[in-house]
Amino acid sequence: MTFIRRLKRHLVVIAGLLTLGYLLLPNVVVTVFSFNDPKGRFNYAWQKFSTDAWTDPCGVADLCGSLGISLQIAAWATLGATVLGTMIAFALVRYRFRARGAVNSLIFLPMAMPEVVMAASLLTLFLNLGAQLGFWTILIAHIMFCLSFVVVAVKARVMSMDPRLEEAARDLYAGPVQTFVRVTLPIAAPGIAAGALLAFALSFDDFIITNFTAGSTVTFPMFVWGSAQRGTPVQINVIGTAMFVVAVLFVLAGMAVGNRRRRQKA
Amino acid sequence: MATLTETDPPPPLPPSPLSPTAATSPTPPTKKPRRGRLVPYWLLLPGILWLIVFFALPMIYQASTSVQTGSLEEGYKVTWHFATYWDALSEYWPQFLRSVLYAGSATILCLLLGYPLAYLIAFRAGRWRNLILILVIAPFFTSFLIRTLAWKTILADGGPVVGALDALHVLDVTNWLGMTAGDRVLATPLAVVCGLTYNFLPFMILPLYTSLERIDGRLHEAAGDLYATPFTTFRKVTFPLSMPGVVSGTLLTFIPASGDYVNADLLGSTDTRMVGNVIQTQFLRILDYPTAAALSFILMAAILIMVTLYIRKSGTEDLV
């Protein structure tokens, strides 16, 4: 009886943890299979333990090259989307202007559109203009779809900012530039950083839009897609696992720094 | 400091060399010189121009392509050939139907699976809250294609998962529903729905968590004090207050899922092709641009209409 009552009380916890398991199971599989020594071209069935792929992550032709292209595109797309998006976010929060409704929908619509629609329409544009598909068309597309997410992230932060801080800076004879650099920007920084991180992640992992705009350029997701047809090297799992570990360590380190700062302040 | 209102003239002190004019002080609309009034437009210009040229303009090009006829060799011309739409719909309605069905089931599954986890993080996790949140986001750090391929291993024929589902007679039910065929899960609709659910689950959990976390815990106590059972409390207090999260979560799941072609391609078969797969092959392999553009346009229109109706019905306008 008490067991059933306890089970009932913790039902939501059990269900939640099961969902968490469902979310993490593929990552476990990816990690375990990075130590596999598969027979044949595909890495879907367990054969035997091996660290070969870990000692030679670039051992597959074009894999690390595609990774480099992806990182390069993600870095430039992050820079472009963050600068343009932050400017829009400040305009939206701080100023009155005409056509605000149109601007808002132009920012909302790319987020409410299936990726394949944006991808297909961008390709028709590029084909009509006779543009050479490759690095630049991918970069253009990535800045386009990352932009809205940066605007949302930065807007949230700027909106919650206390305007009296900037007024105080002006009262203390800070000029507009000085106020912006010394007061506004540091306060808005977490929002800008969150937007930039989101843009980087979205760009780095994008496949659907890249597949339409890439031409013969191969980004990392394009490489994985191609290998799903031709044969999946273990090195893919190695890179997937390494990215996961590095990112989680980054987040944990960030949290530790934040905690220490809070404790110092208290 | 006496002067906090900005319309007041600056105090009679020597002005700082860095602030020669008050031109860019934001608020007062009347006395502002022309230069300051243009600031928002200069801020908006580059980003909005980017979106107009690379988001809005392509939509127009796509609409024009969809009513063109011709061939790849001789070029395409606008002939207002609307029959392309009719042909596309009559040939590919099964794929459209499948997209709605698969994305719809995935969205419902995401809600059913995601709600308990969001609830757990918001109310029951205590000091584990941040850790669980990180674990929800962490899978994003591994490329989603690699993670989707991992489902090929998990759902492999004769593997432990399929064996367990078979032993529990789950496969009998899904066979009856037409979601699986025989003792296979891979290359069936169930595998595709499972992959879609998995891929978009965080997009459901995070908005749900945000709206649940805002709920004042004292409301639960008040409901309990008024003799509501935990279930009634959930039905009458918690769930209605989490509606904004439910609405944005279902949109964030359904929209990308309905246009997805990765899961149907990697985990499904030719019988599970969704509209995204058709658009992709028409555009990139068959090179039938008018049909592909028409399909993409129909998908866009369908999504926009559904989203508008849904938002109006659920009454949450402030999604952005």
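We count from 1, first residue shown onward.
The backbone N, Cα and C atoms fix where each Cβ goes, and this holds for glycine too.
As the structure is a computational prediction, the values presented were derived from the model and not from experiment.
Look at TrEMBL and you will find A:67-257 tagged as domain 'ABC transmembrane type-1'.
Taken from TrEMBL, the feature transmembrane segment applies to A:12-35 (among others). Outside the transmembrane segment (A:12-35), and at least 6 residues removed from its termini, the chain residues within Cβ reach (under 8 Å) are 43, 46, 49-51, 53-54, 234, 237-238, 240-241, 244.
The feature transmembrane segment is assigned by TrEMBL to A:73-93 (among others).
Residues or ranges marked as transmembrane segment by TrEMBL: A:105-127 (among others). Counting same-chain residues at least six beyond the ends of the transmembrane segment (A:105-127), those with a Cβ under 8 angstroms from any Cβ of the stretch are 88, 133, 137, 141, 144-145, 147-149, 151-152, 206, 208-209, 211-213.
Note on the transmembrane segment (A:133-154): residues 69, 72-74, 76-78, 80-82, 84-86, 88-90, 92, 107-108, 110-111, 115, 118-119, 122, 126, 188, 191-192, 194-196, 198-199, 202-203, 206, 209-210, 212-217, 219 of its chain, located 6 or more positions outside it, place their CB under 8 angstroms from a CB of the stretch. If you look up TrEMBL, you'll see A:133-154 (among others) marked as transmembrane segment.
For the transmembrane segment (A:234-257), the residues of the chain that approach it from at least six positions outside its boundaries are 27, 30-31, 33-34, 36-38, 43, 52-54, 56-60, 63, 67, 220, 223-224, 227, judged by C-beta separation under 8 angstroms. What TrEMBL lists as transmembrane segment is A:234-257 (among others).
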